[in-house]
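Peer 1: Pasting a structure below so you can have a look.
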Amino acid sequence: MKTIKLLFLLFLLLNFIGTPQIYAQGKSKEKKLEQVQKKNSKEVKQNGKEKVKEGKEKVISEGEKKIKEQKTEKVKKEIKETKEFKGDGNAYGRNKYNLSGKEFGKLRSQEAQEKIEEKEKRIKSSERTLDEGRERIRKAKERLEKQKKEKAITEEEAKEKEEKVHRAEKKLDELDEKIKKQKEKTKKEKKALEEIKVKDND
Amino acid sequence: MKTAFILGIAFLLFFSCTDKKKEEEKKMEQTIQKIDSLKQTVTKEIEELKDFTQEIEENLKEIDSI
């Protein structure tokens, strides 16, 4: 009985000692981020105050008042943006919005998935541009041939226009290559994300 | 002696538990880092493709005037 009591007390004690350490690790990181955010917002506020002071000195007519209003609105926007600052780089020390590590990870992988989907849409849109571009070049070539036959343009002009068409064709070929590369990369990225997700579930 | 032994085991048990938790957190952070870098790469690629496509659209506008 005595041993059980001792063990129970020991566990309680360790729990009190142990948990704040883990909590404190996360908190110090959050504090750092908050400090950065505060610093940024202070800078913006200071800039804002200076701008408003400058504005006060200049205010004489109604038109100038309007300018002042616009400035303060801009500053307010800047302050709002800095408050919403989420920090760059990795997830270390970032406010995880009271989510557990796993939930945060899932949220992140979902965001990455959405980015990949966005990329796929971008690729499709670029493919449409490519198809349209080929068609537009074909039509331009036809027009150029017609102009040449009808002698509506000089030889120099024709050469210039041919060069333009040739350049555009080259660019389209480059785009074609890029699209192919990006398609392959997207496949790999999808696979990599799936693998990370599987590891996440383990 | 018996109490000391039990205390020792309890300590070991507790530390192994906290270590495991820390390790799991570290793994999760690494996973999130990987996801973040993947996301950044994808974002960069989207921007590149977008810029290049816009450049081509500008070129095509020139072609249309022929």
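A Cβ is built for glycine as well, from the same backbone N, Cα and C atoms used for every other residue.
Remember, it's a predicted structure, so these values are computed and weren't measured experimentally.
This is the feature table in TrEMBL:
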| type | residues | note |
| --- | --- | --- |
| SIGNAL | A:1-24 | signal peptide |
| REGION | A:34-71 | region 'Disordered' |
| COMPBIAS | A:110-135 | compositional bias 'Basic and acidic residues' |
| REGION | A:110-168 | region 'Disordered' |
| COMPBIAS | A:142-168 | compositional bias 'Basic and acidic residues' |
| COMPBIAS | A:180-190 | compositional bias 'Basic residues' |
| REGION | A:180-202 | region 'Disordered' |
| COMPBIAS | A:191-202 | compositional bias 'Basic and acidic residues' |
Peer 1: For the region 'Disordered' (A:110-168), jot down how many residues DSSP puts in helix, in strand and in coil.
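Peer 2: Helix, strand, coil within the region 'Disordered' (A:110-168): 54 helix, 0 strand, 5 coil.
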Peer 1: Quick check on the compositional bias 'Basic residues' (A:180-190): DSSP residue counts for helix, strand, coil, in that order please.
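Peer 2: Within the compositional bias 'Basic residues' (A:180-190) the tally stands at 11 helix, 0 strand, 0 coil.
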Peer 1: What residues in the same chain, six or more past the boundaries of the compositional bias 'Basic and acidic residues' (A:110-135), come closer than 8 Å to it by Cβ-Cβ distance?
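Peer 2: Same-chain residues near the compositional bias 'Basic and acidic residues' (A:110-135) but 6 or more away: 168, 172, 175-176, 178-179, 182-183, 186, 189-190, 193.
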